[in-house]
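Straight from TrEMBL, the features:
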| type | residues | note |
| --- | --- | --- |
| REPEAT | 58-91 | repeat 'TPR' |
| REPEAT | 100-133 | repeat 'TPR' |
| REPEAT | 142-175 | repeat 'TPR' |
| REPEAT | 184-217 | repeat 'TPR' |
| REPEAT | 226-259 | repeat 'TPR' |
| REPEAT | 268-301 | repeat 'TPR' |
Amino acid sequence: DHDPQLHILTKHIRAETSPDEIGWKRLGQLLIKLGQFDKAQQVYDVLLTQTSDQQEKANIYHHLGTIKNGRGEYANAITYAEKSLKINQKLRPSDHLDLAASYYIIGLAYHKMSEYSKALSYHEKALEIREKMLPLNHPDSATSYEYIGDVYYRMGEYSKALSYHEKAFEIRQKILPLNHPDLADSYCDLGRVYDKMCEYSRALSSHEKALEMRQKALPLNHPDLAVSYNNIGSVYDKMGEYSKALSYHERALEILQKALPENHPNLAVSYNNIGGVYNKLGEYSKALSYHEKALEIKQKTFPPYHSSLCIAHNHIGLVYDDMHEYSKAFSHYTLAVEIGQRSLPENHIRLQEWKTNLENVKKKL
């Protein structure tokens, strides 16, 4: 509303009674690629009011779903993608790629909301169509493998995660130029799985390759650079190199604060990472302050029984535990376990970890 260029732009679209839709759609897609979701949304909102064609509406709803995912508004993303899907199910055959695109958007939103079994089901539907309808080694199939790998990663099934990420990586290595951002994503995914499997030197090497590619291919303050800095920071953290870890996490936070709205979930990840390092350095008040910022964002952006809240409560519990404030630690660990039992599979590795923390602190009370 306050961007004069955008105001002029949307005025232009409205003024053209029969706008050159291809041009405007290209602009919308470009704005999405640049991460300028507010501007992209305004373009598509106007295009939506200017068409009565159902197929056109389905395409616009699809792009609005992509925009909502980009803005972290996951429930709205599902609403738009389902509108697109509903139209396409009437107009398209059941194995049409437009349906796969909608399944993918819905899968991605559930994925971000930590509803992993739903996410897996939609990602698998998308992959099934893509494997059938696309040529071998197509980038969209690689994207499906990547996200299925990531769901398994989030579910703590690291060997399955590794297998899907390797499939995505193999395709991308064959078809993409050396410093392509998607190839960097694959290195990043593999690095995160190696990290969880405690293979730290492989993790570090993968993350450094991802960062190197992203630095060559992306603008200076692109959020994906922050992802790489965070990942490298996390590996150094686990290797006990805390000053290096802190330096990478702070670089990540600096970028995200410039690039994202103030309550975006990715900022919470950065605050948690920095809080964790301060806790290990024994700087408890700083640690608490960062973890509380993370919890505050998560409480604003996620439903009350979202697994991200468990992570935040567990982190705060760990700090109080180290400060010997056991009753406060107990109350945060309890919340982590209660929310975890409602949002994660019973055998999830993190849930077991939180239960252990709770049992241990009970003995100290």
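Placement of Cβ uses the backbone N, Cα and C atoms for every residue, glycine included.
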Restricting to the same chain and to residues at least six past its boundaries, which positions have a Cβ under 8 Å from a Cβ of the repeat 'TPR' (268-301)?
72, 226, 230, 233-234, 237, 242, 245-246, 249-250, 252-253, 256, 308-309, 311-313, 315-316, 318-320, 322-323
When you scan the chain for residues with a C-beta under 8 Å from the repeat 'TPR' (58-91), skipping those not six or more beyond its ends, what do you find?
25, 28-29, 32, 35, 37, 40-41, 44-45, 47-48, 51, 98-99, 101-103, 105-106, 108-110, 112-113, 261, 264-266, 301
